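**Student:** Below are the features I grabbed from TrEMBL:
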BINDING   A:Cys44, A:Cys45, A:Cys110, A:Cys139  [4Fe-4S] cluster binding site
DOMAIN    A:44-152  domain 'NADH:ubiquinone oxidoreductase-like 20kDa subunit'
Amino acid sequence: MGKVEIINGVETINGEGFQLTLLDKVIGAARANSVWPLPFATSCCGIEYMGTMGSNYDVARFGMERMSFSPRQADLLIVAGTISKKLAPILKQVYEQMAEPKWVLSVGACACSGGIFDTYSVLQGIDRVIPVDVYVPGCPPRPEQIIEGCMNIHRLVKSESLRRRYSDEYKHLLKKYDLNDE
Amino acid sequence: MIATSVGEKAKDMSDTSNKNKSLFADETIDGQIATLNLGPTHPATHGIFQNVLTVDGEKILGSVQTVGYIHRAFEKLAERRPYNQITPITDRLNYCSSPINNIGWEMTMEKLIGVKVPKKVDYMRVIIMELARMADHLVCNSVIGVDTGALTGFTYMFQQRELIYELYEEVCGARLTTNIGRIGGFERDFSPTFHVKLKKFLKEFNKHFQEFDDLLLRNRIFMDRTIGAGPISGERALDYGFTGPNLRAAGVDYDVRVMTPYSSYEDFDFIIPVGTQGDTYDRFCVRQEEIRQSMKIIEQAYNNMPEGSYFSPDVPEFYLPTKADVYTKMEALIYHFKIVMGETPVPVGEVYHAVEGGNGELGFHLISDGGRTPYRLQFRRPCFIYYQAYPEMIIGQTISDAVLTLSSLNVIAGELDA
Amino acid sequence: MSNLTNEAVLARIQEKFGEAVRNHEEPYGLLTIEIQADKIHDLISWLKTDEVLKVSFLTLIGAAHFPNEKGREICVNYHLHSLVNNVRMRVRAFLPIETPNIQSITDIYVGADWQERETYDFFGVIFEGHPNLVRILNEDDMDYFPMRKEYHLEDATREDKDDRYFGR
């Protein structure tokens, strides 16, 4: 047991009875350390995701062990596995049901680009129907890779401006994917 | 688009005409019929399949199923790929126990070309297949626990699955979708690290497994929850075409390893656990005992491993030669080229081979016309065949029992939809 | 390991069905019988109830498309298994592509339901008497039968992948 060093996650100026920091940073840190994922696990990558949930690769240390299967309460949509064309409208519906702020992690080659299944029934990448933030390649990716994807999501979450969702770039993205602009 | 077709199906179901009579239970409590959509994305459905339930309070009157949400067209894809490139596709059928699918495919090819592998290969294959069976049953039983609310068993057993994954990594380099073995044997012998890890696993697994067993098997709450949930009788199960632990829980002792032994299974001494009621508790118990029996088989195979070669020398057209030979000998170079480019000639013929997968009889029906890719390859997928019995198993039960029945059936989406 | 030999099974079937049995062979030890398409239902139900053969387990229903054999393009295969006698067999019927109709065996084996739907979905084989013959794995509004040989594996409308670089 070595000496444990506690790093201040958010830079603050402390004093007697007050703490001075930027609101963006505090909210970013709070959001990043308690992301509630929605594991949209379809196939083999879903089992690797279950392995990541297990105690060996543990996502609970990131605050992500509360799997929210209800889209209304989820922050992060983890699409792990092949999405077929039959499932694409449902994926879009689930994404629309999620409340802002929301992020999407595409796990596995099939979700990123269709993978080895270049067939008539498989959607060649979920970014054809929903906007994706981080892609994790692999077939299936090792749990360490999935965790790295989650950590990249955390980086995005921490640094995202609170006004990002009202920016023109974001509105343009929503229009491109034909999503509801609410 | 999806919502309207589901709505139409639900309307069909509330119409209690003779057309749908067989799906409905005979009595309703107070006539408040509602439609509940279980899926396609639902924590209880481990995989993506949809059940539109007609419920009267908590009691289920009928259900309409939709599958095909992960249809990846394996059979069409197999017509495009040369024979040794189909092994990665078979991985993704029942991905919880992918070595069994791989080895089943390799055995089908060996049957087609008529080659017999050395005994040592058989024993090596048995060890790998039984490890895969254990991994599959561990997932299923842990998930039955999770669906009743017992999450601890899941974390304990996934730790053991990590050890099994380490064993796979020693053999083939991959954890989940293994692409293990070759047509004709294995690419290399078991490494010394594999022997060390396997010995440790054999010594310690039973102790950890007993902890999981103690948590659930004789637990009053678990038993009350699962006994009587989703029963099916043996005759009905046979009529549907059930195989595997689900059929054995219903009382029929049909196991492909015993009926038509392959890969030297007749050398091993193991029992087939059989249940009585065919309900969730029986399925759980059958899988628990099968894990123990698999451990016994692995011990026997490991302790009696014969000497010999880890590949068959009679199939140079299918089995890659060593790199040293490829760089120095002409025939090896030509064989290597032909195998990698997939230009190997295959006899014309039609073969059906079945192995006992984690869920039952996994069959490969291969029609070959002598070309570099199969003419027609059809997989007999046990999940697809027994999942059709699900509406019948949940009539008259509560919604929570339906959830539990679904997870105890071990429906793996990759195998369901192919 | 089995009590009955393939010859005994074949003899018994030929005794009952005579010239409806068009062809028989034994590839890799599995008795394969080709029978007239309209006799399939009778054969399979007789096999289930016959006291000697007791072929009471339906293993697999599948089909294959042979576009070069005119009048016999679609081949429907039934793999059956007698668990009591440990005998497997394959029964098949050839159907013309214009009218690929064959009688459904869902009244004999309940498990034939989805397998026949899958065969319809992939090849367009019409099973008469099936309670609900609609597509099962593909999308409901698909208008062609993808496993037939004339259709490609890839989606015809995809624009992102250039076939020149994919070796096709």
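From the backbone N, Cα and C atoms, a Cβ is placed for every residue, glycine too.
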**Student:** Look at each of the binding-site residues, A:Cys44, A:Cys45, A:Cys110, A:Cys139, and point out the one with the fewest other Cβ atoms around it within 10 Å.
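**Tutor:** With the binding-site residues A:Cys44, A:Cys45, A:Cys110, A:Cys139, fewest surrounding Cβ atoms within 10 Å: A:Cys139.
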**Student:** Give the residue counts of the domain 'NADH:ubiquinone oxidoreductase-like 20kDa subunit' (A:44-152) per reduced DSSP state, in the order helix, strand, coil.
**Tutor:** 44 helix, 15 strand, 50 coil
**Student:** Would you report the average pLDDT that the model assigns to the domain 'NADH:ubiquinone oxidoreductase-like 20kDa subunit' (A:44-152)?
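**Tutor:** For the domain 'NADH:ubiquinone oxidoreductase-like 20kDa subunit' (A:44-152), the model's average pLDDT rounds to 90.
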